[in-house]
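Down below is the structure, laid out as structure tokens.
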Amino acid sequence: MGDIPAVGLSSWKASPGKVTEAVKEAIDTGYRHFDCAYFYHNEREVGAGIRCKIKEGAVRREDLFIATKLWCTCHKKSLVETACRRSLKALKLNYLDLYLIHWPMGFKPPHPEWIMSCSELSFCLSHPRVQDLPLDESNMVIPSDTDFLDTWEAMEDLVITGLVKNIGVSNFNHEQLERLLNKPGLRFKPLTNQIECHPYLTQKNLISFCQSRDVSVTAYRPLGGSCEGVDLIDNPVIQRIAKEHGKSPAQILIRFQIQRNVIVIPGSITPSHIKENIQVFDFELTQHDMDNILSLNRNLRLATFPITKNHKDYPFHIEY
């Protein structure tokens, strides 16, 4: 099982036109961990940035840790390898360092013809988002009858065949993770559980649960959002701690996760922010700082995915 670099670049919400340059900038700045997903519809551009830097000799493929994610419409065992190969083709890689189940919920799979046409990458790219979110007449997602334990078996097969080095999960609650870890005949444990985490959603219980089971935690959206109209970055507590350390609020929020042994994947396409977000290893927050930041918890979840609330595997009906 591989170790995940502590700070990575998330490509979530990065527009295809800008993400290639962001990836090149990140590699030059020292990033070696890149987090992608089929659902972000920019894997091809992330791959272009990576390829460019490998070609230049700035980095070797084996120096990089590339993660992407299986989308919910491909949870059927027979579709998992197809989906993985589709991502590999878009990224122009021959293996992934980490492949995650993006959500514990399976959705109705796309039409078989669409899946076959996906070997034609141009088709995929000219029809982005087609059938990613199959909706019923009340605009709720149409589930599949899949079970994530079966999906996991197909994920394990990808490790055996060498398409991926490690597998993991994302957005799993502790009951779902426990169910997976207790699966009879489990061949590979999830390397990580990637979850939304920031001082307004500290995830204390879920993090200690994962770490007690030897599953690492990766924090997405680490810079948070707004609570009662105040952006986390502008929170007076964060501002004060940043000032005391001579660092930016974003650096404080990233360092906060590192000191909890949480991997952190801030996203940015701005060169100065990309640079700043990885300059977090030359200072330490005090226990007092950490306690103050933890006390900001509001259980404010930003990624609630409301159109999936009626799904049998919706992860946020329980506390953690």
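Each residue, glycine too, has its Cβ placed from N, Cα and C.
Features of the protein shown, as given by TrEMBL:
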ACT_SITE  Tyr40  active site, proton donor
BINDING   His102  substrate binding site
DOMAIN    11-297  domain 'NADP-dependent oxidoreductase'
SITE      Lys69  site 'Lowers pKa of active site Tyr'
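Taking the recorded positions Tyr40, Lys69, His102 in turn, the residue surrounded by the fewest other Cβ atoms inside 10 Å of its Cβ turns out to be His102. As a whole-number mean, the pLDDT of the domain 'NADP-dependent oxidoreductase' (11-297) in this prediction is 93. Annotated pair His102 (substrate binding site) and Lys69 (site 'Lowers pKa of active site Tyr'), C-alpha to C-alpha distance, rounded: 5 Å. Cα to Cα, Tyr40 (active site, proton donor) and Lys69 (site 'Lowers pKa of active site Tyr') are separated by 10 Å.
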